[in-house]
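Colleague: Quick paste of what TrEMBL says about this protein:
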- C116, H398, E440, D470: Mn(2+) binding site (BINDING)
- R155, E312, R313, K335, R366: phosphoenolpyruvate binding site (BINDING)
Amino acid sequence: MSDPEIRAIAHEVVFNSGGEPISATDIGELITRVTNELPHPDDVSRVSARLVAGGWPLADPHAGQPTYPDPDAVAASVARLRTLPPLVFAGECDELREKMAAVGRGEAFLLQGGDCAETFDGVTADNVRNKLRVLLQMSVVLTYAASVPVVKLGRLAGQYAKPRSSDLETRDGVTLPAYRGDAVNGFDFTPESRIPDPGRLLDVYHASAATLNLVRAFVTGGYADLRQVHTWNTDFVKTSAVGQRYEQMAAEIDRALSFMNAIGADPEELRRVDFHSSHEALLLEYEHAMTRTDSRTGAPYNVSGHFVWIGERTRQLDGAHVEYFRHLRNPIGVKLGPTASADDAIALARTLNPDNEPGRLTFITRFGAGRIRDGLPPVLEKVTAEGISVSWVCDPMHGNTFEASNGYKTRRFEDVIAEVQGFFDVHRAVGTWPGGILVEMTGDDVTECIGGGEELTEAGLAHRYESVVDPRLNRVQSLELAYLVAEMLRDA
Ligand SMILES: O=C[C@H](O)[C@H](O)COP(=O)(O)O
Ligand SMILES: C=C(OP(=O)(O)O)C(=O)O
């Protein structure tokens, strides 16, 4: 089928909607209909591509925002969200900002981790505990092996919305709106499930509240007590090579604790940890409804998470997300991918942190293993030369995703390590502090990223692939990463 013919069909699809802007949901249905008229499946994706990317009138004023079929239902959810209690306190966000300032000064290291996309079904005690457990293990490894204070930040209790590279997903010739996270629509591949449902925004609130409640209980109620360092090392991890290495370290920590006990030292810091929550603040309806004026200072805080970030796809200087974030008092992050120039970064910093306040702004770089050594230096050098106060964090996941030969979306553990190593090397060369890592990981024994000490192969991906969007490091890979990063930190 020729381009003009495809264009004609696409035109017809648009005019079938009466010339009105049409939503992603409608497009999904229309394209499924058009599919029946097209002789070859490739033509379907060509039509989709034209509809979505070719300047057709999509009713999607803000990048990454769903188009809800019923505006009244959205208004009702937003109105309800506005009445609900905060999930975090402004004072806690201020504490985290202070900690991020220490990261920016090179006095601490950020460990930020959790699922790519949380799911409502994943809100179980086991799941939350497993994630927390591996974060605690990673944090102890980094602190003990590198003697650097670690700021612990969960990518959890709010990470329910995902930006997608395509509005549509096609399976076996059927095209539907893409899954955008449990905050928006269902993962099931049916037209009903993929319709954006604003009732889910309330589910996000309740799922986040339940998760945060449990995390708070774990970190203050004894589970995070350093004397539990052995009990975090359980089941499949304990028998792995890295689990045994951890066991030796835990024994050393035990001896040190016994010594402290013998001399009568029992600092409170050993009994509990500071732990904060973070997510990408993508859905403006939700995030805005969860923004409250702090009674102490009169300043607006997003009270759905301590730290929120702007994603790579929504960091346009004149975009809705930058405009929203500029008013918040929370510590905030911005992703910088390979297309970000030094001038982009400087303009973002000037807009989002006009007072150049330490701890307020974090740049999370995600260039990819093959590009970080060329892409990061010019940005880092120019931002530093401008005297901009920012913490630098490496996301070694999002620039390293590819589709395996068997169709699974995956990442190579080796690429993840190579990007972190590149990040450390570039910072050392420029004379700046490699402030932390943001990783997509889970506390379970999943098979989503290939490589690592257990040498997971592409064929092995099928064994236990559970992520609904991007592949995560499993618990053994996460611990291996922590040891490798600890070595890099020691050298830094
Ligand atoms: O987590 C990040 C993004 O949501 C994800 O990488 C997008 O994936 P896609 O390219 O499959 O839409
Ligand atoms: C979508 C994400 O990353 P990025 O914006 O860097 O693609 C993410 O961290 O979930």
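Glycine too: its Cβ is placed from the backbone N, Cα and C atoms.
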Colleague: In terms of DSSP three-state secondary structure, what is the assignment for R313 (phosphoenolpyruvate binding site)?
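Modeller: DSSP call for R313 (phosphoenolpyruvate binding site): helix.
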Colleague: To see if you understand the setup: which same-chain residues, six or more apart in sequence, place their Cβ under 8 Å from that of R155 (phosphoenolpyruvate binding site)?
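Modeller: Long-range Cβ contacts: Q112, G113, G114, D115, S278, H279, L438, E440.
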Colleague: Helix, strand or coil: which one is K335 (phosphoenolpyruvate binding site) in, per DSSP?
Modeller: strand
Colleague: Which ones, of the binding-site residues C116, H398, D470, have a Cα no more than 10 Å from the Cα of R366 (phosphoenolpyruvate binding site)?
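Modeller: So the list reads H398.
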Colleague: Near ligand 2, which of the binding-site residues R155, K335, R366, H398 have CB less than 6 Å from any of its atoms?
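Modeller: Once distances to ligand 2 are taken from each Cβ, K335, R366, H398 fall under 6 Å.
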Colleague: Sequence gap of 6 or more, C-beta under 8 Å: which same-chain residues meet both conditions with respect to C116 (Mn(2+) binding site)?
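Modeller: Non-local contacts for C116 (Mn(2+) binding site): Q159, K162, M397, E440, S467, V468, V469, D470, P471, R472.
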Colleague: List every residue in the same chain as H398 (Mn(2+) binding site), at least 6 positions away in sequence, whose Cβ is under 8 Å from its Cβ.
Modeller: E312, K335, G337, R366, D470
Colleague: Would you give the longest CA-CA distance, in whole angstrom, between residues of R155, E312, R313, K335, R366, the set recorded as binding phosphoenolpyruvate?
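Modeller: Max span of the phosphoenolpyruvate binding residues, Cα based, is 18 Å.
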Colleague: Quick one: which of the binding-site residues (C116, R313, K335, R366, E440, D470) have their CB closer than 6 Å to ligand 1?
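Modeller: So the answer is C116, D470.
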Colleague: Can you give me the residues near the recorded Mn(2+) site, meaning same chain, not C116, H398, E440, D470 themselves, Cβ no more than 8 Å from the center of the site's Cβ atoms?
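Modeller: Other same-chain residues with Cβ inside the cutoff are M397, T401, S467, V469, P471, R472.
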Colleague: What is the Cβ neighbour count of E440 (Mn(2+) binding site) at a 10 Å cut-off, with all protein chains included?
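Modeller: The answer is 27 other Cβ atoms.
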Colleague: Going by a 10 angstroms cut-off between Cβ atoms, which of the binding-site residues R313, K335, R366 has the sparsest surroundings?
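Modeller: Among the binding-site residues R313, K335, R366, the sparsest Cβ neighbourhood within 10 Å belongs to R313.
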